[in-house]
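If you check TrEMBL, you get these features:
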type	residues	note
DOMAIN	20-449	domain 'Major facilitator superfamily (MFS) profile'
TRANSMEM	21-45	transmembrane segment
TRANSMEM	61-81	transmembrane segment
TRANSMEM	88-106	transmembrane segment
TRANSMEM	112-139	transmembrane segment
TRANSMEM	177-196	transmembrane segment
TRANSMEM	264-285	transmembrane segment
TRANSMEM	297-317	transmembrane segment
TRANSMEM	329-349	transmembrane segment
TRANSMEM	355-377	transmembrane segment
TRANSMEM	389-408	transmembrane segment
TRANSMEM	420-443	transmembrane segment
Amino acid sequence: MSQGGAAAHEAAKPQDQGWAWMVLLAAVLLQGLTLGFPSCIGVFFTDLQHDFQASNSETSWFPSIMVAVLHGGGPLCSILVKRFGCRFAVMLGGLLSGVGMVSSSFCQSISQLYLTAGLITGLGSCFSFQAGVTVLGYYFIRWRTLANAMASTGVSLGFTLWPLLSQYLLDEMGWRNTFLIFGGILLNCCVCGAIMRPVHLASESPLESLKPAEEPGRRAEGAQLSNGTSHLELQQQTRRTACFQMLQKYLAFDIFCQNKGYQIYTIGVTWMMMGFALPHVYLVPYAIQNGVEERRAALLISVIGLINIFIRPFTGLLSGHRVFTGRRIYLFSLAVLLCGLSNFICVISAKFSVLIIYCVILSIAMSGIGALTFQVLMDVVEMDRFSSALGLFTILESITLLIGPPLTGLLVDITSDFHYVFYNSSFFLISAALFMGLSFCALEKKNKSKESSKVPLDTHSRYQYNEMPTETLSETQSPPVVVYITSI
């Protein structure tokens, strides 16, 4: 065996065995530390509002910015991963998260909290989470689906443990010291990143892949210079071309304009996010305002996370059955509809026993949404464009995640009635579910009528409502250089 072949064999050796399972454990912890962390912010809502003399709308900007940056920073994270690697991105994210929370403990105004805990911690969590998911694609090939499913359990563990820990520390030492401790806890993302040793796949490096593109560029430069084009004009044109290629790679505007299924789904989920995060932000303060003890109020969020641990994997396995092939969008719409209808339980009564029932139903619906969000996206978009389609998808949903809670908080400030939180959430969720379900049903009928008017082809699209053929990656094919994934 040649020296190059031996090196390639050694590079592939860690995959699906040995150290790969330590990397998976680190990924579970990362998802609990990052995606699970925003679930505890509602515990501090009342204390922050009292200390800073802030309104509901002003206070809700803090978790909104954190969640929006966590979801919308995907393209920036993917550039960082491509340039420096997953390990560096995870460790940088852990450092930013820790520094953000430590700085938050010294904030003297709610606006300072937007910058420290909102922007800095949110961006750090984004880097750690998304780079941690990406590295699983390099360490796992045969067991990649199982690895991602197991890693997602970290989110549910975070939902369960963070609120309980937050309430205990808040009662014992106040929110400032609690944020200081949280900074130290989030620094453990750096430890998880250190475990994620780089895997050098037996394929051409990114630098090598750029070389073929350099020659046409040089030929074009020589041709344009020979035609009298100035060097400055050529540089400007090159920059515009590079900018367009960057947007095409990370933000799939062309897919959004051409693929009706992707267009409907992206608009529906973006609208849904206006109401999806509202119960997570306002449930604890709503319960406390209605006489529920603070510790029991924090337990409500933990109940949601605990049920998610068991229901989410089951939902993922169920939706993967061939019976639901081509129908996952309807399952997703049903889960969104159930999530919206469950909010009316809180309007009926704010007793702790009733809120527990609400959390159980909400958690079941959330499990369906979380398990199906990206499966449906894969159904409507070609796999070779999935990464860029996901970039636009996450940025648009992060915008509504950002503005949803503050707008609802403003409504609560005006009316002094927390019931509008759940009315708003129900409105956005139910309308989004009906829009997606009915639109895909109409699109499917339209595609069937088109197919019936044409000569049948030898090959058909895998999914009935898919306007583009969906391509699946073979197990032996290496993962894309950059993949950024968010989770709900």
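Cβ coordinates are placed from backbone N, Cα and C, and glycine is handled just like the others.
Contact between the transmembrane segment (264-285) and the transmembrane segment (177-196) is not supported: fewer than 3 Cβ pairs lie under 8 Å, counting only residues 6 or more apart in sequence. Per-stretch counts of Cβ pairs under 8 Å to the transmembrane segment (297-317) identify 21-45 as the leading one among 21-45, 112-139, 329-349, 389-408.
Among residues of the same chain six or more beyond the transmembrane segment (61-81), those with a C-beta under 8 A of the stretch's C-beta atoms are 34-35, 38, 41-42, 48, 88-89, 92, 110, 113-114, 117-119, 121-123, 125-127, 129-131, 134, 250-251, 277, 280-281, 387, 390-391, 394-395, 397-399, 401-406, 482-486.
On the 0 to 100 pLDDT scale, the domain 'Major facilitator superfamily (MFS) profile' (20-449) averages 83 in this prediction. Between the transmembrane segment (355-377) and the listed ranges 88-106, 112-139, 329-349, the one holding the most Cβ pairs under 8 Å is 329-349.
Listed by sequence, the residues of this chain that lie at least six past the ends of the transmembrane segment (21-45) yet keep a Cβ under 8 A from its Cβ atoms are 59-60, 62-63, 66-67, 70, 90, 93, 97, 121, 125-126, 128-129, 132-133, 135-136, 139-140, 147, 150-159, 161-163, 165-167, 170, 175, 178, 182, 185-186, 188-189, 191-193, 195-197, 280-285, 294, 297-298, 301, 304-305, 487. Long-range contacts of the transmembrane segment (329-349) within the same chain: residues 265, 272, 275-276, 279, 283, 286, 319, 355, 357-358, 361-362, 364-369, 372-373, 376, 379-380, 419, 422-423, 425-430, 432-434, 436-437, 440-441, 465, each at least 6 residues beyond the stretch ends and with a Cβ under 8 Å from a Cβ of the stretch. Residues 30, 33-34, 77, 80-81, 113, 116-117, 119-132, 135, 176-177, 179-180, 182-184, 186-194, 196 of the same chain lie 6 or more positions beyond the ends of the transmembrane segment (88-106) yet place their CB under 8 Å from a CB of it.
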